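Asks: I am attaching a structure below and will ask some questions about it afterwards.
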Amino acid sequence: MSNKEKNPRAREVVPLIKFCNVTKIYPNGVRALVDVSFSIERGEFVFVVGPSGAGKTTLTKLICREELPTRGQVLVNGRNVARLRPSEVANLRRRIGMVFQDFRLLPRKTVFENVALALEIAGASWREIRKRVPEVLARVGLADKARCFPHQLSGGEQQRVAIARALVNRPFLLMADEPTGNLDPQTSWDLLQLLLKINEEGTTVLMVTHAWDLVNAVGKRVISLQEGRLTEELPAWGNYRYGT
Amino acid sequence: MALRFFWRWVKEAIVNLVRNLWLATSAVGMIAVAVFLLGFIVLLALNAAHFARTVEKGLEIAVFLKDGLKSAEREELARKLAQIEGVAKVEFVSRQEALEKLRRELGENSDLLRGLDKNNPLPDSFRLFPKQPQLVPLIAKEAAALPGVEKVRYGEGVVEKLLRVTNWIRWAAAGLVLLFAVAAVFLTVTTIRLSILSRGEEISIMKLLGATNWFVRGPFVCEGLLIGFLGAGLATGFLAWGYWSLLWHLEETTLFFFRPVSEARTLITLYLSLLFSGVLLGGISSFISVRRFLAV
Ligand SMILES: Nc1ncnc2c1ncn2[C@@H]1O[C@H](COP(=O)(O)OP(=O)(O)OP(=O)(O)O)[C@@H](O)[C@H]1O
Ligand SMILES: [Mg+2]
């Protein structure tokens, strides 16, 4: 990111995310990703698909540096995330909106506080928090649940809180790990529309999903993983039907 | 900016305490018990040391003079005695004074001394007060060698034993204080560590949202300081109240030949140190306990 300030042209030249021959082997010996290379440009909308255990979540973890690659390099904004200093890592994470597969809401904080936390971490003022949190909660349809604690919500509602938290900072990259996993078809569809809209507003979106109907309906780029390998990668050229 | 972060820390700490009331209460209770026990032992140790000092202060050396010493010789001797290293004070006791004193001590039985006024068998003497109790035997030896000295008395054998006992009391008191201090530290660290353990998940989530270490740590440290303050405050309050009423009762019954430590400055210093240590310990324990969860 500081690259951007140093070199204004970097914005156009360097892809937002670039994986160079990335292999991830967990300490227990599981090979979650094997020699994966791809890049994502600014403003793209990308689906990541693949069977369970294919390494999709691992891929997102490498981007926000929750895990480090065993071999190869992960570049975000042209910078190797393994080389970032702690303060730069914090800075990177603040500007990535991440919807975790397991939500990762703070159980002892209300919905409002959970969403506000992301803003507080980014250093927003109290006034800003008071304005932005209700806005974003309304956007995911949870305006009336602000004072609830996570355990008082349904799975789908918790998922939408996680999405609100990822959106509230207006991130440059939104990564959503199966954000429709707990939602009914109508809500899933609404959510996809929301993500598309956010993408149109300029945010790069990376969405991990099993929902083929959604993938097929919108005709965006698809990255497919199979046992840790990148099996096919297709540009956004219209309706792509998985497996046909 | 910094101020806003600070307020967030305090606010978060208080909200956390209230939301985890049971956990917070038990942590405060544990720390209160630890600090109370430590304070109790320190008071005990202070009094033991005070007792030892009181006993040692009573030590003195009696130097009996040969009969028929001229007053010039006596003054010369007094000067020499005062020059012996470790002598704080030299006091002359004439044979008449010695008799008076004996009579007073015998009280009802002073009849025994009737008729001795004209034929007083007691010699003139000097009382020597040592600067340090340990020096008594040395001073006595030097004094005995001076001309005009008949003999020197200081409770030989008893003094050495007494000094051994008072020394032992001091060491035992210091050892006990150390032991309880270590126990109190462990108890506090463990208590706070346990209360943070259950929130390790929250900490790693905050780190994944891009929080800096201090953003996460601040509220926990504030919370630790607050728990330390409440626990140590409770303990110190009880201790001060308990000790004060003890002093009050002892004042009425002058049963003891020795008065317990009651100097306000000493006691207030002790109470404030206990409070301060509790607060500091709470904060440091939190700091240490959070650290292991920050590596995300
Ligand atoms: N922390 C970890 N330690 C060890 N192995 C792990 C760890 N996380 C994931 N794995 C393993 O790595 C492989 C890929 O996991 P990953 O979570 O990336 O799969 P996924 O594609 O997200 O699957 P799903 O669709 O079920 O969420 C799996 O075999 C998993 O068991
Ligand atoms: Mg997954």
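Any Cβ shown, glycine's included, is placed from N, Cα and C.
What TrEMBL says about a protein is an automatic prediction, not a curated fact.
Sharing the record's features from TrEMBL:
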DOMAIN    B:59-152  domain 'FtsX extracellular'
DOMAIN    B:176-293  domain 'ABC3 transporter permease C-terminal'
TRANSMEM  B:21-46  transmembrane segment
TRANSMEM  B:168-189  transmembrane segment
TRANSMEM  B:225-248  transmembrane segment
TRANSMEM  B:268-290  transmembrane segment
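Looking at the shown structure, can you explain where the listed features end up?
Replies: In the domain 'ABC3 transporter permease C-terminal' (B:176-293), helix, strand and coil residues by DSSP number 99 helix, 0 strand, 19 coil.
Among residues of the same chain six or more beyond the transmembrane segment (B:168-189), those with a C-beta under 8 A of the stretch's C-beta atoms are 30-31, 33-35, 37-38, 41-42, 44-46, 48-49, 51-52, 228, 231, 278, 281-282, 285, 288-289.
Here the transmembrane segment (B:268-290) has long-range neighbours at 31, 35, 38-39, 42-43, 46, 184-185, 188-189, 191-193, 196-197, 203, 216-217, 220-221, 223-229, 231-233, 235-236, 239-240, meaning same-chain residues at least 6 beyond its ends whose C-beta is under 8 angstroms from one of its own.
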